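As recorded in Swiss-Prot:
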BINDING   G9, A10, G11, H12, A13, G14  FAD binding site
BINDING   270-284  NAD(+) binding site
Amino acid sequence: MSFIITVIGAGHAGLEAAFIVSKFNIKVNLLVLDINHLGSCPCNPSIGGPAKGIVTREIDVLGGMQAIAADNNALQYKLLNSSKGPAVQAIRAQIDKIGYKNWFQSQVKLNKNINLIQSEAINLIVRNEKIKGVILKDGSELLSDAVIITTGTYLRSKTYCGNTVKNQGPDQSKNSEKLSTNLINRGFKTIRLKTGTPPRILKTSLDYNQMELEINNNQNLAFSTTNKNFLPLEKQIPCYLVHTNQKIHDLILKNLKKSAMFNGSISAQGPLYCPSIEDKVFKFSQKPRHQIFVEPESLSLDTIYLAGLSTSFTPEIQKEIIQLLPGFQNAEIKKFGYAIEYDAFLSNQLKPTLETKLIENLYFAGQINGTSGYEEAAGQGLMAGINAALKLLKKPPFILQRNEAYIGVMINDLVTKTISDPYRLLTSRAEYRLWLRNDNVQERLIKKSFELGLTDKKTYELFLKKEKKKQELISFLKNTQVGKVKALKFTNKNTAQSLYDFNKRSEINLDKLIKDLPEKYQLDSETLKQIEIEIKYEGYIKKNEKYFKGLDKLSKIKIPHTFDYHKVKNLASEAIFKLSNFKPSNLAIASQIAGVNFNDIIAIKHFLKTYE
């Protein structure tokens, strides 16, 4: 039996959804308002960052596209937090935003399962609370077995630049008015959110000698775990750093009423971790300066991007601010910054599969769920696509737990909590961040990916071969005493200590130690680093594993969808309200809902066992 899934929107979430669905050999209608905006990066010209870069790698292992697209269009790579612990390290890449968009457009054309349609979806076809398709602006219908809505910041969106307000999407594109209204009419609860973007500057109008060059010594970096064609350092495009100053701060504080953020035009909540420059200066007046990163946008564009300077000031004030920055005295602004306000929908209206609770086979992914960022959007698109396909194929859902992936952390947060501002993934959100690392993504997810048919046999067998060598080395380290290695005999008084325990010392590096071992243990630096992390942080990881097992046991205790929590004695009223609203499918999910405590879980567990 053949199926058709319609994906509304072709940004980072929509593209991942479309491509992953196509891997299940299911036909996809991919709807986009303007084909020229397919795969666009309307804000920052970068992929990755703390937690986000790990998500991009998780997407890659699970058969997604973002990592490959970024690697094919990278201008520069950085390993962030390299001087800190492994739990917070992640890759970030400056990308060629035009090349990135063109790459995705070419991939869509090559995919025989994806039917690209330039049109606007204005309503859904629903029968008996089950999706049947979408209605287009011209009145035509696209019958579909499932629909995934990935509309980004386009729903009833407005842009703000000073006192100028326009009904449009990012980069002066069309917006979507009717779809959001019709979703609200069907009972979905909405929230109004806001984000912003900085002005773009003509790169030849700047004096880079007055800026601080961002030194980059990172080599052999890539998002895709299968990509070994690394971008050489000498070919990487540099970024620069400048800072705001007191003159800029005084100018901003004097002219706050000329910003849409402060003149009453915008009531929507903006991103907590990415505020506008006027918001930063106003809220953090004690700070003498703020960082502004000068970043390339594309080899085929004559503009640069100012990370850290998003604004909704009038063009006149924007120009004054820019020309007070070091090296920007003669700066020419090619495009002014603006704020954008849009509809999102409360994500606690979704199941952990990202299927809506109100309408069967309807899925939401990306910024429609109140998230910010390309990586968060792509991760949701991937998971919505996988689960939409699996459901049609009558296979079990694919849900990543908080201890398995950052994607799991994000989706669990979204469906169990109430979002009040644009959600951004942070390492601090993950309780198991020492396990959810940049280096062990394959180890965590490739088996699941292979079982889903999203990783090919050759890639999986290469991983198993590498894993076997890794375990052989670990076994050798555990069973070999320091005294047996001549080069180490006099460096340690305790010669009976195993090499494994010897490597737990902070000053010992496994890659140096390995040079004195037999040739068959000479593994690649990436694998050695992974082993070293696991040895040095063994105690913490084991503690996490113990908790994982407890969580796994809870996940096996199912809760009926119609379960009445009022019948459970000693259950807190907040827990009754939250659980009745969310309807978790098992105790593990119930335990992660904000407002549900340990005693509540024990009470429910006891009740379920008593009344089985």
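The backbone N, Cα and C atoms fix where each Cβ goes, glycine too.
These numbers come from a predicted model, not from an experiment.
Every protein chain considered, the tally of other Cβ atoms within 10 Å of the Cβ of A13 (FAD binding site) stands at 34. Note: the CA-CA distance between G14 (FAD binding site) and C274 (NAD(+) binding site) rounds to 24 Å.
Those residues of the chain, other than G9, A10, G11, H12, A13, G14, with a C-beta within 8 angstroms of the mean position of the FAD site C-beta atoms are V7, L15, E16, A17, T150, T151, G152, G366, A377, G381. Looking only at the binding-site residues L272, C274, the densest Cβ neighbourhood within 10 Å occurs at C274. Each of the binding-site residues G270, E278 was ranked by the number of other C-beta atoms within 10 Å, and first place falls to E278. You'll find the Cα of A13 (FAD binding site) roughly 34 Å from the Cα of F284 (NAD(+) binding site). Among the listed binding-site residues, namely H12, K280, the Cβ with the most fellow Cβ atoms inside 10 Å is that of H12. Note: the CA-CA distance between F284 (NAD(+) binding site) and H12 (FAD binding site) rounds to 33 Å. Sequence-distant neighbours of G9 (FAD binding site): residues of the same chain at least 6 apart with a C-beta under 8 Å from its C-beta are L31, V32, I149, T150, T151, G152, Y154, G366. Fewest other C-beta atoms within 10 angstroms, among the binding-site residues F282, F284, are seen around F284.
Rounded to a whole number, the C-alpha distance linking H12 (FAD binding site) with L272 (NAD(+) binding site) is 22 angstrom. Here A10 (FAD binding site) comes close to A18, L30, L31, V32, H37, L38, G39, V108, L116, T150: these same-chain residues lie at least six apart in sequence, with C-beta atoms under 8 angstroms from its C-beta. In the three-state DSSP reading, S276 (NAD(+) binding site) counts as coil. A helical conformation is recorded for H12 (FAD binding site) in the three-state DSSP classification. The distance from the Cα of L272 (NAD(+) binding site) to the Cα of G11 (FAD binding site) comes to 23 Å.
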